[in-house]
Amino acid sequence: MAKTLYEKVFDAHVVYEGKNELPILYIDRHLIHEVTSPQAFSGLKMAKRRMARADLTLATIDHDVSTKSIDLNACSDMAKEQITTLMQNTKEFGVRLLGLGDKNQGIVHIVGPELGFTLPGVTLVCGDSHTATHGAFGALAFGIGTSEVEHVMATQTLKQAKLKTMKIECKGQFQKGVYAKDLILYLIAQYGTAKGTGYAIEFCGELIRKLSMEARMTLCNMAIEFGAKVGMIAPDEITFEYIKGKEFAPKGEEFQKYCEYWKSLRSDEGAKYDESITLDVSKIKPQISYGTNPSQVIGIDEKIPKISDFKNQSEQKSLLDALSYVNLEQDQVIEGVKIDIVFIGSCTNGRLEDLKIAADILKGHKIHKNVKALIVPGSMQVRKEAENLGLDKIFIEAGCEWRYAGCSMCLGMNDDKANSGQRVASTSNRNFVGRQGKGSITHLMSPASAAACAIEGVICDNRKYLGV
């Protein structure tokens, strides 16, 4: 029977399936951080259990950490408590920790792939909703709750219902100035934040095969904003080349053997999906969010919708509520809206390729006098590689702040926050009410668009800096 990529990986990991029961999956990889792991470790201690496979768990500090300094004392009291607790727990249970000052510390969904901890065909979980990122490697990756984190620690298994499958085929090529971030924002804008609910989605097509691993991770990262639990891309030579030589990756002849197996991780010809979507990506323009959920997105040259554009009363109310919060009007042109802060980073767009794209636009320019711009590498490895290329000098000379690794302004959980009423051009993944600080306003966009906004001080078209 022909199978999809998702079905192949899922079925290969079923260790038990009782009658009228959910299948039990073996979990190959477990990523943890300081926010969702403390209660799980406490549960193990109360039950006097050890971890089943501490060697298959990797911990990092990312959500709470200050990006202004690698000194623990730079963090808030709550952050210090969570970070210290993770340090103690990982030491007690024998889990490797990428702590403050570690050359590999960074955002969980960036350090996993760059260390080769994420591999094609594995099951990978984390107490974080954006775990779907790792599906870019052909891994079955999804976010779990704290009780499930404890269960994986104790048993290395999870009960999981099998999801429906959706194929998203991407045809054509991007226009100049359009990136993977624009594609996923466009997809969510067209179909809504609930379209993927109950599905494992697979991105495929001629465009996907040409994308870098960084771009593929951006797509799978925001599968969750599309409503899906899982986003996957079949591995190929681009995947294998990315993995080769990384710390946790197979080595030598073993690597070649794995590559042969990984080549089988693609949907069979004739495999049936529960739903399919086909996109012509050549029509996509730089995308900007205008509201308070990731489906409220328009092209840079478009106007904010009017209430008459929606027939559904709940959608009409959502529009009015969003515009009231972000202080914008129906039928308003998005280009030219004043911004206060630019944030380039996060598990969506904090990789080296993202920083290169931003640097190419910022080079030779100064940011607007009324703008504060934070450039936050997603890991200390990304930071080092960027500095080796001189990107830090470009950012600093432009007037940006060059930070240490962490989640930073993606969420108002650390010391990088926007004040009430401040408008942020952000490369993160969520624009919810107060996401980047109480009363803050978020506009999601690509690193190229964010860099252009930093120069002009308003939402603008990045293509003018690319000769388009």
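Keep in mind that glycine also has a Cβ here, set from the backbone N, Cα and C atoms.
[4Fe-4S] cluster binding, as stated in Swiss-Prot, involves C407, C410; the candidate among C259, C347, C460 given for that site is C347.
In the shown protein chains, 26 other C-beta atoms lie within 10 A of the C-beta of C347 ([4Fe-4S] cluster binding site). Excluding C347, C407, C410, which define the [4Fe-4S] cluster site, the same chain contributes D62, H63, I107, H130, G345, S346, T348, G350, G378, G406, S408, L411, S428, N429 within 8 Å (Cβ to the Cβ centroid), listed in sequence order.
For C407 ([4Fe-4S] cluster binding site), the same-chain residues 6+ apart in sequence whose C-beta sits under 8 angstroms from its C-beta are D62, H63, V65, I107, S346, C347, M413, N414.
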